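For reference, the structure discussed in these notes is given below.
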Amino acid sequence: MAESASANGVGTRLRAFTARMSEPVAEPVTDPRRRRFLWLEIAVVLTVTFALSGYTSILSIVQALLDAAPLNEQTQTLNASASQNPWLDLAYQLGRIARLTAWALLPLVLLWHSRISLRAMGLTLPPGRGHWPAVRGDLARGAALTALIGIPGLALYLGAVAIGANATVEASGLGTTWWRVPVLLTSALANSGAEELVVVVYLAIRLRQLGWSVPAVIAFSAVLRGSYHLYQGFGGGLGNLVMGALFVAFWLAFRRAWPLIWAHFLLDAFAFIGYAMIAPHVGWL
C-alpha cells in the first residue's frame with residue numbers, strides 16, 4: 001500500500017510538471033504576416049548567435065576527425081589568449097565578453113518590443129517585499145542544477161576522452177595575469193546569460209507562439225545547444241544536448257530564468273577557474 005501511494009504521488013507530481021510545461025508562455029501568433037516575420041526574426045537571431053556557432057562547430061569536428069591525430073590527442077582551448085601583450089589580450093577578451101553580452105540582450109529587446117514582459121521571461125522578482133525567499137529559491141535550484149549537470153558531465157567528459165570520442169579541453173588559455181580571474185568570471189556570466197536567454201527563453205517563447213509542441217521545443221533547443229559544443233567532441237555534444245533538454249524543460253515548467261543563468265555561471269566558473277588553478281598540478285585534466 002505504501003509503495004502504491006508513493007508511486008501515485010510521483011505520478012501526480014509528474015503530471016503536474018508536464019501540465020505546467022504545456023501552459024501558454026505568450027499570446028499565440030495566428031496572423032500569417034506576423035508569423036512570417038517571427039520566422040525571419042528567429043532565423044536572424046540564431047544566425048547571428050548560436051546557429052552559426054553550431055555550423056562552425058560541426059565543421060570543426062569534421063576537421064578533427066580528418067586529422068591524422070586521434071581525437072583525444074587533440075586540444076580545444078576555451079578563453080584562449082589572443083595576444084602576447086597582456087593589455088592587448090585584455091582588450092580582446094573584453095571585446096569577446098561584450099559580444100556575448102550583446103547576444104544576451106538581443107532577445108530581451110526583441111521580446112520586450114513585442115510586449116512580452118520580463119516577468120513572462122522569468123527575469124523579475126515576485127511583487128511585494130518578500131524578495132529574499134524567491135532569490136534564495138532561485139539560488140538553491142541553480143545550485144541543484146549545477147550538481148545535477150556538473151558531476152555526471154565531468155564523468156562523461158573524462159570517459160569520452162578515454163575512449164577517444166572527445167578532444168582534451170583546456171578551459172582556460174589565459175596566462176597568469178592580474179586580470180585572469182575577473183575576466184574568466186565575467187566571461188562565465190556573459191556566456192551563461194547569452195546561452196540561456198537565447199537558446200532557452202527566447203526560443204521557447206517564440207516557438208510556442210508559433211504553435212510548436214513542448215517536445216518539439218525541447219528537442220530543437222537541446223539539439224542546437226549540443227551542436228555548437230560539438231567542436232569539443234562527441235562527449236561535449238551529448239552532454240550539452242542533455243543539459244539543453246533539462247534546462248528548457250525546467251524553464252517551461254517553472255518560468256524562471258535566473259536558476260538557469262546561475263547554474264550555467266557556476267558550471268563555467270568552476271570549469272574556467274578550476275582548470276586554471278588545478279590543471280598545472282594534475283595530469284588527468
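Using N, Cα and C of the backbone, Cβ positions are placed for all residues, glycine too.
Where the annotation comes from TrEMBL, it is an automatic prediction and has not been curated.
What you see is a predicted model, and the numbers here were worked out from it, not measured in a lab.
The domain 'CAAX prenyl protease 2/Lysostaphin resistance protein A-like' annotation in TrEMBL covers 178-269. In the predicted structure, the domain 'CAAX prenyl protease 2/Lysostaphin resistance protein A-like' (178-269) carries a mean pLDDT of 97.
If you look at the transmembrane segment (42-66), the same-chain residues 6 or more away from its ends with a CB under 8 A from one of its CBs are 74, 103, 106-107, 110, 167, 194-195, 198-199, 202-203, 206-207, 224-225, 227-231, 233-234, 237. What TrEMBL records for 42-66 (among others) is transmembrane segment.
The transmembrane segment annotation in TrEMBL covers 97-118 (among others).
The transmembrane segment annotation in TrEMBL covers 139-163 (among others). The list of residues near the transmembrane segment (139-163) in space but at least 6 beyond its ends in sequence, with Cβ under 8 angstroms from a Cβ of it, reads 72, 169, 233-236, 238-239, 242-243, 246-247, 250, 254, 256, 258-263, 266-267, 270, 284.
Residues or ranges marked as transmembrane segment by TrEMBL: 183-205 (among others).
With a threshold of 8 Å between CB atoms, the same-chain residues lying at least 6 positions outside the transmembrane segment (212-231) that come near it are 18, 21-22, 46, 50-51, 53-54, 56-58, 60-61, 64, 76, 167, 195, 199-200, 203-204, 237-245, 247-249, 252. Under the heading transmembrane segment, TrEMBL lists 212-231 (among others).
Under the heading transmembrane segment, TrEMBL lists 237-254 (among others). Listed by sequence, the residues of this chain that lie at least six past the ends of the transmembrane segment (237-254) yet keep a Cβ under 8 A from its Cβ atoms are 17, 20-21, 25, 61, 122, 141, 145, 148-149, 152-153, 156-157, 160, 196, 199-201, 203-204, 214, 217-219, 221-227, 229-230, 260, 263-264.
Taken from TrEMBL, the feature transmembrane segment applies to 261-282 (among others). Residues 78-79, 138-139, 141-143, 145-146, 149-150, 153, 170-172, 174, 180-181, 184-185, 187-189, 191-193, 195-197, 247 of the same chain lie 6+ residues outside the transmembrane segment (261-282) yet bring a C-beta within less than 8 angstroms of a C-beta in it.
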What DSSP reports for the domain 'CAAX prenyl protease 2/Lysostaphin resistance protein A-like' (178-269) is 80 helix, 1 strand, 11 coil
